[in-house]
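Novice: First the structure, which I've put down as structure tokens, then a few questions once you've had a look.
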Amino acid sequence: MSAASAAEAVLDGAAGIRQWQEDLYRDLHANPELGHQETRTAGIVAQELRSLGFDVHEHVGTTGVVGVLTNGDGPVVLARADMDALPVAEATGLPYASTVRAVGTDGKEVPVMHACGHDVHVACLLGAARLMAGARSSWSGTFVALFQPAEELAEGASRMVDGGLAQLVPKPDAVLGQHVLTYPAGTVGTHAGPFLSLGQSMRVTVHGQGSHGSMPHLSVDPAVLAAMIVVRLQTVVSREINPDEFAVLTVGRIAVGTKSNIIGDHAVLELNLRAYSEETHKKMVSAIERIVRAECAASGSPKEPEFETYDNYPLTDNDPDVTARVAAAFRSHFGDAATAVGRQTASEDFSIVPRALGAPYTYWALGGTDPELYRSAAERGALATEVPGNHSPRFAPVIQPTLQTGTAAVVVAALAWLAA
Ligand SMILES: [Zn+2]
Ligand SMILES: [Zn+2]
């Protein structure tokens, strides 16, 4: 059987799961959970996979779930979905909007919302698992469904790897991932090579000497030092990185002092870095360290500055061969709705899983915006204002054809290897 006819045979079951899947999606959306707290979601996932005949491993890392469906000899394909939601107060006005609150990473109670669409990813992968399990005569090999926690904390994938993932699954021939984004629903978009940026945050602490606000001559003022650093950091991207290379350096937070008449003794700057190559990232880090140390010396800082990185997201660098195979399968199934999309400035921890398993991967964009709304907003150049993007309190993918397309995309891509 060709991959295309195997896909049609497996997707024959799509109409039969539609109502179940839409109900599942609305339930997940109304009951979002923050990173590492996805116990309800993981429970639903594990129960469903078990009932389909998958070998199920729970609590991988923290709340991670892996289901392995072995169906004869053949290649191994692993498809991944992330399960976590965000500390955002939902403002979509949808009948299935979240009113959930939970305790966040800082110990405070926060509203919780699936503002990044990970509920779409879970519903689509579980739907694909159901279709694959229901049509075993149409394919051969091993299909692995991986549900990871805490993508938004940049921790879930690495925790699953540290939790022994490699011992639980056979080495995949291809690893697949998708993300719902503000493209027209019904479309899928592939991209070979660097697709999502390498992202990193850095906390820089610089030291001054505290004093009375009236006695600046007795101080080394960390406010002035921090201000100089912020200005000078603007030259990293504009003067040091090749204009042909993509890089972003943002100072998102500065904390210094407590009161107007007190000169503090240190300042903390929180930086965010993005790049599409490890080399550019390395250049940025060394420029930041050089500038911070030099400004500290210029100010007469009494102590060396400290640098701490966190929220480390690796580069998502789609394998050209795997991407070409998936793109061809998409074109054959989706026709014109299979597109090529540009690089995205966002970041993901997805690639940690295939890197740890030594497997090539591809990660594609799944359209989630009402096609009519998309077309009319795009025509008026109003996409940014009229189509709420990921992480917005108004982010609301349309249920269909988003779920149907995201489910078919996983099946079609997997069968590009597993077709019997
Ligand atoms: Zn997100
Ligand atoms: Zn996301």
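Placed from the backbone N, Cα and C atoms, the Cβ positions cover glycine too.
Unlike curated records, TrEMBL annotations are generated automatically.
Under the heading Mn(2+) binding site, TrEMBL lists CYS116, HIS118, GLU152, HIS179. The domain 'Peptidase M20 dimerisation' feature in TrEMBL is assigned to 201-296.
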Novice: Should we count any of the binding-site residues CYS116, HIS118, GLU152, HIS179 as near ligand 1, judged by a CB under 6 A from one of its atoms, and which?
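Specialist: From CYS116, HIS118, GLU152, HIS179, counting a Cβ under 6 Å from ligand 1 as near, the near ones are CYS116, GLU152.
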Novice: At a 10 A cut-off on CB-CB distances, which of the binding-site residues HIS118, HIS179 has the highest count?
Specialist: HIS118
Novice: Please list the DSSP helix, strand and coil residue counts for the domain 'Peptidase M20 dimerisation' (201-296).
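Specialist: The counts are 41 helix, 33 strand, 22 coil.
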Novice: Mind giving me a neighbour count for GLU152 (Mn(2+) binding site)? Other Cβ atoms within 10 Å of its Cβ, every protein chain shown.
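Specialist: A 10 Å sphere around the Cβ of GLU152 (Mn(2+) binding site) contains 20 other Cβ atoms.
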Novice: Determine which residues of the same chain, besides CYS116, HIS118, GLU152, HIS179, have their CB within 8 A of the center of the CB atoms at the recorded Mn(2+) site, and list them by sequence.
Specialist: ASP82, ASP84, LEU86, GLY117, HIS121, GLU151, ASN390
Novice: If I restrict to non-local contacts, at least six residues apart, and a C-beta distance under 8 angstroms, what lies near CYS116 (Mn(2+) binding site) in its own chain?
Specialist: ALA85, LEU86, GLU151, GLU152, ASN390, HIS391, PHE395
Novice: Should CYS116 (Mn(2+) binding site) be counted as helix, strand, or coil on the basis of DSSP?
Specialist: coil
